[in-house]
Amino acid sequence: MSSYQSEYNADEQAAIDKEFTRLANNKSIYLDHAGTTLYAESQVTAAAEQLQRDVICNPHTCRVTGDYVDQVRFKLLEFFNTKEDEYHVIFTANATAALSLVAENFDFGRQGNFHYCQENHTSVLGMRERVQARAMYMLKEEEITGMASVPSAANGVSGSSPGDNSLVTFSAQCNFSGYKIPLAAIAGIQKQGLPHGLGKKISGEAPQTTDNNNYYVCLDAASFVATNPLDLQRYRPDYVCISFYKIFGYPTGVGALLVSRRGAEAFRKKRNFFGGGTINYAYPHAMDHQLREVFHQRYEDGTLPFLSIVGLLEGFRTLERLVPRRSVNGGDVATMERISRHVHGLAQHLEKQLRQLKYPNGQPLIELYNRVGYEERHRQGGIVAFNVRTDAGPFVGFGEIACVAALQGILLRTGCFCNIGACQRYLGLDETMMDAIYKRAGRICGDYYDLIDGQPTGAVRVSFGYMTRRQDVDELLKMLHLSYLATKPQQRLQLIEEQAGELPKALKERAQRLRPQLLQLAIYPVKSCAAFKIEEGGGSGGGGSGGTWPLTAQGLQYDREWMIVDMNGMAVTQKRCSELCLIRPLIRDDQLVLHFGDSPDGVSLPLSLADQAENSSRCRSKVCRQPVEGLDCGDEVALWLSQHLGLEGLRLLRQSSQRSTTNGVRQQQKLSLVNQAQFLLVNRSSVRSLQFEESLDETVDRFRANIIIDTGSAFEELSYKQLTIGQVQFQVEGPCQRCDMICINQRTGERSPETLTTISRLQSGKMRFGIYISRISTENNKESQHLTCGDVVVVT
């Protein structure tokens, strides 16, 4: 049972619920308060009534409007427990604009550095483009947290000493995970600076010493102040950046930069730009102007969004009315403190329940991303980030979760939440993996490319506001249980497809990709030699227009059409000569070209069977005890093979007569020189579960499959009976019983016996991996079909 206790009494909860009836009317459960909280109905009604009642015009025209704006400044300072003689309030468009203002105007001098936390909003990374620092350093969260224990003056430092200035920027609360960096680090940094060599240098020239530098702190408080009190009497950052819609839900388009008196001293005396309202005068006929004396007036370019600013007053009133101060155990608990308790309690409840969600085999459903747990409110806020796993362990893409949630009316957030550094940290992405995701795979911020080779590129985030109810959290838990623990993957995908028309446009596109897709085709022109791969966008080495490859009556065109035999006419395989895997085929310009390893020199053969037959003698061999008839491909290629493989008397044969076998649906299936069936299918999820210490592509190559797919669950292919890829129907012939050939690394020829033992362990002693499939032939598809990488795989 959960230990959750409501922060609100019954009357308070009823009053809050009355303000958000639109959620029930729209059958919506809102769980993205870190994105924006929701506005109360009475809040926007009162704001609209004021606009209808009062004459609110340009503050340069009407002093009344200016008075309203000043009221908001005073109220904001009171909200953060400070006064106008300690902090200036500069109105901006949002927290991003506030960060930009700091970056543009902070005076680093000649030796000052810019330091920022890895787990920061993208806008902090954007500051790097504008700061004029000598060097830039990325700090890990624990490096900043460590500064909280540095002995320092209780309230930081009051001023600056001669010397240059360094700036440290971090988020009070991580918008990815909800982790709160101890604000005591602010005074530690201001008083002691940062230890020399702390952090990773990203750019610039490291100064010989920073001992004389003054250290300033820019606090990105946008996520934090939405649900937590910020006491600027206790903690005194030099700059505080906020967005009001995070706190009140309405209005949007207005934020603020709070600048301490100390922080103001570190701003440049001259600006690179000035707008209307920021100057005493500016001559058009000469480069002469004078900025305003009042600090905030120098930086509020142009006319302020005064209607939005006036609307903030009702936001403050609404919070204080719906979540009033109350006495607890003789102490006074203010509005934001109560909201902090409320959202933390919900997050704690959710985290405990998520940990209890498990599959029948004991596999946890949820992978949580959290630094310190949910026991301490001063360390963790009302945000829970996670991913979902299958019963076999691989991840489910966050795009699928977004689809399932949307169909249940649950609004949550997926991706990296404009915090790639936190994604990198929590998902364990090294620099190579980051390049693979963003540069090679082409993922961009905000898209739904959620899994790359089974690696999540983001997460699912739920976050809470003062109006979130426990019932909302329980509905999320119910969705996860019913959709994942009580429903099989194929049923879930079918339900999503049936209701896809109800999804937003971006999710409709993601829903279309939920079905497994054909990732890659591989043909092995010469039996037991390397593959020629066909991938989306075109085949390797120029084969397969657009990733498409034709089918013949025997399978994929040119697959296992040639084989190498010894002087006795017996087929040579990798069991006897592992170096066969180094013979790499290339199909182009009506030629089959063979190379050995990375050598540019090779030998060519015509693809046309008619051209080959004119000058070739016929001979016989056997494949799996069945006689086959073939054409000898000549002395040139025979000599080339013997030289590279070190075996005398080798010949290359090309199949000239068809083989056939009876499959499970009692059809005569025509075969090439394959051992058992027309096609071998392998699931990358199953390969991934082996967890070999080599690249996933290398492991996939070991299984020498023709058709490579990727599904949500490892080994689910073993349960298939029939499937359709694109427009082509297939019958499953059964699992592929493996031999020690899979112990050979297909890129090097080296053997590693643990491959077989791992499969045996995962399959309870059985040596099964991949499935044999055959095309279901009809009168309409005998000669005209093809497969294309990207085709959807439907299991029937």
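Here the Cβ of each residue, glycine as well, is placed from N, Cα and C on the backbone.
Going by Swiss-Prot, these are the annotated features:
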- CYS418: active site (ACT_SITE)
- 650-796: domain 'MOSC' (DOMAIN)
- LYS246: N6-(pyridoxal phosphate)lysine (MOD_RES)
- SER752: phosphoserine (MOD_RES)
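For the residue listed as 'N6-(pyridoxal phosphate)lysine', other Cβ atoms within 10 Å of its Cβ number 25. Looking just at the domain 'MOSC' (650-796), the mean pLDDT is 83.
Long-range Cβ contacts of CYS418 (active site) within its own chain (separation 6+, distance under 8 Å): HIS121, THR122, SER123, ASN175, CYS445. Within 10 Å of the Cβ of the residue listed as 'phosphoserine' there are 16 other Cβ atoms, across all protein chains.
On a Cα basis, the residue listed as 'N6-(pyridoxal phosphate)lysine' lies 56 Å away from SER752 (phosphoserine). Sorting each residue of the domain 'MOSC' (650-796) by its DSSP state yields 29 helix, 53 strand, 65 coil.
Annotation note: LYS246 (N6-(pyridoxal phosphate)lysine) sits in a helical segment as assigned by DSSP.
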